[in-house]
Amino acid sequence: MNNRPTENYLQKLMNPVSVVHPRILSIEDDLVLGAYVHEQLGRCGFDVTWCQNGQEGLTMARQQSFDVVLMDILLPGMDGLTVLTHFRQSHSTPVLLMSALGAEADRISGFRLGADDYLPKPFSMAELRVRIEAILRRVALDRRPAPAPLRQEAQGLRFDDELCDVHYGQQWAGLTRSEYRLLETLNRNGDEVLSKPFLYQHVLQRGYAPHDRSLDMHISQIRRKLKAVGYVAREVRTVWGKGYVLSAFDEMA
């Protein structure tokens, strides 16, 4: 990285500094990287709060309102996945995990616990900024005024645009915002197969890259959560070479 912050800048940022909207919480124990992210995002117009350990970050995330949480996984004391687990018990703020752990199992664990995106280290500041902006666009869409009331679907699955979750039987599925928008988009388009580029652009709000598995991970979590609440009338199907569709179990046979 170029233009790394000075030692004085590092010392100045040793304590979290809260700033104005749009608010980003960065939980990163690497002092050089954490200060660099803080400095560069600030130059891009974001207002950033920086914490250096998991417990401090969890406390800050619970006490204050943020638009996006950026979090490393390998944090001292309470690791990032544990922080995410506790945070998701009471908050739906989008979380972008940043980690050198690039194995698919690690990404799956993050998405399963409620992460909205996963950015492997090392990363460029340009990519981090694009992903944050994509999340903020999704948040803006989710905060549209006068949300539609709970909608009853023919197969018994109900969509709640205000909670960004679906209800079946006596249970909520516990979808993340990204998962809800994906499922709602697939549901709204009926039997039409939606391509990966379309879903990345219109739901995840960023361009499609062949190496990016975020969409696949979100789809996997939607399937798992619908199954967990006993919804079997339809499922998200993969149409190889084309994309995804929400269809009845026997329609694609």
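Glycine is no exception: its Cβ is also placed from the backbone N, Cα and C atoms.
Annotated features in TrEMBL:
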DNA_BIND  148-248  DNA-binding region
DOMAIN    23-136  domain 'Response regulatory'
DOMAIN    148-248  domain 'OmpR/PhoB-type'
MOD_RES   Asp72  4-aspartylphosphate
Helix, strand and coil residues within the domain 'OmpR/PhoB-type' (148-248) as assigned by DSSP: 34 helix, 24 strand, 43 coil
Three-state composition of the domain 'Response regulatory' (23-136), taking helix and strand from DSSP: 52 helix, 24 strand, 38 coil
Long-range Cβ environment of Asp72 (4-aspartylphosphate), under 8 Å and at least 6 residues apart: Ile27, Glu28, Asp29, Asp30, Gly80, Leu97, Met98, Ser99
